[in-house]
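Data block below; observations after.
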Amino acid sequence: MALLSKKDANLILDPLADNNPITIQVLGICSALAITAELQASLVMALSVIFVLGVGNVVISLMRNIIPSKIRIIVQLIVVATLVIIVDQVLKAYAYTLSKTLAVFVGLIITNCIIMGRFEAFALGNGPWKSFLDGIGNALGYGVILIIVGFFRELLGSGTLFGIPVLGNPIEKTGLYATGYENNGFMIIPPAALIVVGIVIWVQRSKNRALIEEN
Amino acid sequence: MSDKRLTFKKRLHILKHHYRGKKMAPAFNAFHTFLFAPNETTHSGSHVRVADDLKRAMNTVIMALIPVLLFSFFNTGYQHYSAINGFPQAFSIWDHFLTWENFWLGFKLVMPLVVVSYGVGLLIEFIFAVIKGHEVEEGYLVTGMLVPLIVPVDTPLWMLAVAVVFGVVIGKEVFGGTGMNILNPALTIRAFLFFAYPTWMSGDKVWVHGAVERTGTPDAISGETILGYLAQNGSYEYSLSDMFFGFIPGSVGETSTFLILLGGLFLIFSKIASWRIMVSAVIGSLVMGLIFNGVVDAGWISTGSKFYGLMSFEFWQHLLVGGLAFGIVYMATDPVTGAQTNRGKWIYGFLIGFISVMIRVFNPAYPEGVFLAILLMNVFAPTIDHYVVRGNVRRRMKRLKHATILPKDTEQAEVPKVETV
């Protein structure tokens, strides 16, 4: 492992599984519920958060010694807001229909608890390189869950993946639909995301018993 | 009976010792206790054990459901043939309703629903029991019978199977199994079906067998429910006795208010279900119905309003149509998900009836609200109980504050006078 020391590698790998921001820390749930009905929207949301959190963590980390601690939240907000507006404008310019689908949720990345959480908990106390890795790692952990949830919701709810029909045509009754199969309307509505996230948490904790809290 | 002969019961007991501690033990015990009461005695402390354990309670509810199930066989056939050939002019129970033809068609259509519901549900219960090393829990016995009775007759079997898996796993097992669930599993299954496959669960085509597959052909038939007609401000041709005895389209087992009433009385007298919940739910729905009738009488809404049909519906007739009666008797009274305190039961039942009728009237897309009302109140039941218990504690604290507590060694000690407020 020449590229990253073991410690650095853990910064990226930990949030992917054993310290996942969604399934373990249960942060950033709102957007996970709202935009995961389609895989494409999930993917774009994941990429946006990777960009915002990766760059934001570096910026905050570089400024960590000059930010007065009394106004640090405001400074953090300005950094996130700037990055989010960049993402929003890029989406509007190059993927207009998609930005319509994501609607207000791109703007709401600002309020995503994961981002402020990483700024507070990590970037304010660590150097830029480590902060970058931590930001990427946490955003990837968030993105992985988004894509898992989006995959199941789109497949079961609409019978498509990335908008491409994979189970046949529901109107002409081809493919799987010829056998009487029908799309599951429940998967389209946000409560289904809550249940899918719950199942992911269930599977993860039964695979790794150390994650189960004592109570 | 001589002691040496091996009866069936003894064989089972021997087998039970043989299986003890093995992985299959829970599965075996489930069948064993289904037939016989366990022969174990308590070893420490003194516990009074009665024979009417959970399994007996469940069996009693199933007994109360059997007449409804039998009726549903006949009604399924009757609705199907009447929709095709026209309703008989002079209706006679023996000639038109209790016929082999009706029974056989209903049997062919309803029994698969029952079999799938029990097969899939119990399979999951067994799997979880073996994984967790618990005894198989009896909770599914009633759920399995309720589920086929609250779905439309033409529900595809695979949909029912998917919904049962969802309802039992997400509605019950993740909370820890029977007795720990916050939502009624049968209603969770119904709600899943409704949100996942709305075209199969509502509309005017699903309530009579054959209506869906005949859509768009010259033989098309319709089977709108009474609530469906009312939601469209239409009129219906069913008499009051049709509604009461259940010769109307609807979910498989919900139509006969008469048999549900008998089942309810049976459950009350066998002390399995709470009469408080049933009575208060009836009162709640009557009150809401009266309020709507009052709104119509006061002339606040015009006859053109989309709510007019349901609002002007006689308040007490709400109990005769749709699933309200079935929900009140068999679902609202679920001891696990309902309120536990006596005063809580009154509030819980009242709100179920009240909200059911409210959803009926204000949700024109789907003129039935019983399952939503019961699920909502399932969620609130612990809160209701909490405040009832707190209220009781506060009242007794207040009483304690005003009470004159006499010292123990006075002369009046034999007649302690405690003033209550």
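Just so you know, glycine gets a Cβ as well, placed from its N, Cα and C.
As annotated by TrEMBL, transmembrane segment applies to B:109-129 (among others). Panel annotation: around the transmembrane segment (B:109-129), residues 26-27, 30, 69, 72-73, 76, 135-137, 139-140, 143-145, 147-148, 151, 153-155, 157, 160-161, 164-165, 168-169, 173, 177, 209, 252 of the same chain, lying at least six beyond its termini, place a Cβ under 8 Å from a Cβ of the stretch.
Annotated transmembrane segment per TrEMBL: B:149-170 (among others), in sequence order.
Same-chain neighbours of the transmembrane segment (B:182-200): 139-140, 142-143, 146-147, 150-152, 154-156, 159-160, 162-164, 166-168, 170-172, 175, 206, 212, 331, 334, 336-337, 366, 371-372, 374-375, 378-379, 382, counting only residues six or more beyond its ends whose CB sits under 8 Å from a CB of the stretch. The feature transmembrane segment is assigned by TrEMBL to B:182-200 (among others).
With a 10 A radius on its CB, B:Thr225 (FMN phosphoryl threonine) counts 28 other CB atoms from all the protein chains. The FMN phosphoryl threonine annotation in TrEMBL covers B:Thr225.
Using a Cβ-Cβ cut-off under 8 Å and counting only residues 6 or more beyond its ends in the same chain, the transmembrane segment (B:243-268) has close neighbours at 60-61, 63-65, 67-69, 71-72, 75-76, 78-79, 91, 97, 110, 113, 148-153, 207-208, 223-226, 275, 278, 317, 319-323, 325-326, 328-330, 333. Taken from TrEMBL, the feature transmembrane segment applies to B:243-268 (among others).
Per TrEMBL, transmembrane segment is recorded for B:275-295 (among others).
Marked as transmembrane segment by TrEMBL: B:315-333 (among others). Proximity of distant same-chain residues to the transmembrane segment (B:315-333), defined by a Cβ-Cβ separation under 8 Å and at least 6 residues beyond the stretch ends, is recorded for 61, 64-65, 68, 146, 149-150, 184, 186-187, 225-227, 240, 243-244, 248, 250-251, 253-254, 257, 260-261, 263-264, 267, 273-274, 277-278, 281-282, 285-286, 288-290, 292-293, 348-349, 352-353, 356-357, 360, 367-368, 370-371, 373-374, 377.
Feature annotation from TrEMBL assigns transmembrane segment to B:345-363 (among others).
The annotation transmembrane segment is assigned in TrEMBL to B:369-389 (among others).
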Contact set, same chain, for the transmembrane segment (B:369-389): CB under 8 Å, 6 or more residues outside the stretch: 150, 182-184, 187-188, 190-191, 194, 322-324, 326-328, 331-332, 337-341, 343-344, 347-348, 351-353, 355-360, 363
